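Peer 1: I'd like to ask some things about the structure below.
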Amino acid sequence: MATPNQEAIDTFISITGASDAVALQKLEEHRGDLNQAVNAYFSEGDRNVVREAPVNDDDEMDIDDVIPAPQSPLSMFNAARTIGRPPFSLLDSDFARRVFDSDPLMPRPPFVSHPREVRQIPIEVKDSSGPSGRSSDAPTIEDVTETAHVQGPVTTQGTVIIDEESDDDIPFAPMGRSRQDRPAGSVANNNNQDYNDIEEEMIRAAIEASKKEAEGSSNPLLEERPLHMEDDDDIAIAVTMSLKSAEEEVLRSQGYKASTSEIGASAVTAAQGPQDTQALNGRLAAPSSPFDDDSDDVDEQPLVRHRPRRAASGSLAPPNADRSRSGSPEEEHASINPAERGSGFPSEWGGISSEEHDEAVMLEAAMFGGIPETGYNHLPFLPPQPRAQPRPPSPSLTAQRLIREQQDDEYVASLQADRDKEMKSIRDAEARQLEEETARKAFLEEEKKKEEEAQRKLEEEQELERQLDAKEASLPKEPQADEENAITLLIRMPDGTRRGRRFLKSDKLQTLFNFIDIARVVKPNTYRLVRPYPRHAFGDGESESTLNDLGLTSKQEALFLELI
């Protein structure tokens, strides 16, 4: 195993305040890991200072019954879980009592182990600094500030003197025999007393848990729990709901409603006697059960336990005298500080006080070299930071700012001009593109029209050629010159040329039109034939008349064309 370096040992000592041997041992156990060693040291906490005293074998206490060794709450919880029952099915009175009786860190309620006939023996315990008047066989009454497991009237006659010792001199009571062979007081066999014993146990467990929670808020080392208990959230939920159900059941049986803190406060006021034992030990007295007050003996004095107290960084303040003399539970409940009620710390800090939070932050800063930036740093506890008054800027700085602002404005104006120019060019390009598109469409339409016109003309020419071919084929044969009915017609064309042919007087005027058309000088139906003297124009309306009918009877006639 590698030996830890001196720097890790010094850091461990500076954080925990332990000795060199403890630091070396913890670092060797955790293979030189400083964080795990520090966490393990603080997790062990109270268990490192617990010392067990040897069990007196000559204890002459009468044993009525043997109470079996209880199991740990984790084993009970896991056992119930393996059976198949849900965790919250354990929320009954017996489960709550087993949980609080089995926890090694929770204080155990006292058990008066003597029968009723033996309780008349006077018990006197002297201060540890002086000699004791009794032998070592005299039993020590443990934790009589809480309620003892005794049913029925108990009359204890005798004097019990409080023995207050420091934490360094008084070992804790042995756990082995008190857990395995613990003698129980004589109890009644009827069901009513058993039920009262269960209720009394549940009340005591709830009040003890509330008191320990308030004490743990001032000293975080007293509330150190095993790691496996902190990791199991189901156990915490089960214990909380069990306490709540136990308190509600007790309150219903008593016939009134009050909070746990009110019950504890009223019980403290009722428990204070003329001797004011609460002022002697500096602690809040736990409430006594309403089922214990069956005895009317005015000379009865309470048994005071031999109770060790730890020396911690913070302790509970002694109760106020005015509050102890207060008569109403409401005033006592209002006077209890938030630390005693256990509900005065913000939930966002995990239920710890501001002092504990500051210590945790300082510890983390010492370990990691800085204050962590977390969302739960309590800013209200920081001192107010003075704000610096604003100073006027220097003239040079003002001039530089003005120049910079002018440059920025000019730059923005230049950018705007560039944007405008770019937008204008874009608009011009779009306009040109639109014009080109329009011109292209017009050109395409014009070309289409020309093509259609050419196609139409071509078709007309083709049709005209067919008609002219038909007219040429229909022309009668030209007669001979010496024939009596023959007539020669000379026609002057618009281009100045002349065309002549012999026709019969019996031929129709349409035959003359066909002869002119096949010359292909003018188009058909676009002209008229005119005789100059006497002037007479021949049109299409006279095309069916013969030449003789029209007066063209001479051997030779001259005609010309007149365009319509």
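Every residue, even glycine, has its Cβ placed from backbone N, Cα and C.
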Peer 1: Based on the annotations in Swiss-Prot, which residue of Ser129, Ser324 is described as phosphoserine?
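Peer 2: Residue annotated phosphoserine in Swiss-Prot: Ser324.
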Peer 1: Report which of Ser132, Ser326 appears in Swiss-Prot with the annotation phosphoserine.
Peer 2: Ser326
Peer 1: Could you check Swiss-Prot and say which of Ser178, Ser295, Ser343 is marked as phosphoserine?
Peer 2: Ser295
Peer 1: Across the whole of the domain 'UBA-like' (2-44), what does the mean pLDDT come to? Round it, please.
Peer 2: 87
Peer 1: Are the domain 'UIM 2' (230-249) and the domain 'UIM 1' (198-217) close enough to be called in contact, which here means at least 3 C-beta pairs under 8 A that are separated by 6 or more residues?
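Peer 2: Yes, the stretches contact each other.
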Peer 1: Using a Cβ cut-off of under 8 Å, list the residues of the same chain at least 6 residues beyond the compositional bias 'Basic and acidic residues' (443-475) that approach it.
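Peer 2: Contacts of the compositional bias 'Basic and acidic residues' (443-475) (Cβ under 8 Å, skipping residues fewer than 6 from its ends): 511, 514-515, 517-518, 520, 523-524.
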Peer 1: Using DSSP, what's the helix, strand and coil tally for the domain 'UBX' (482-560)?
Peer 2: 12 helix, 29 strand, 38 coil
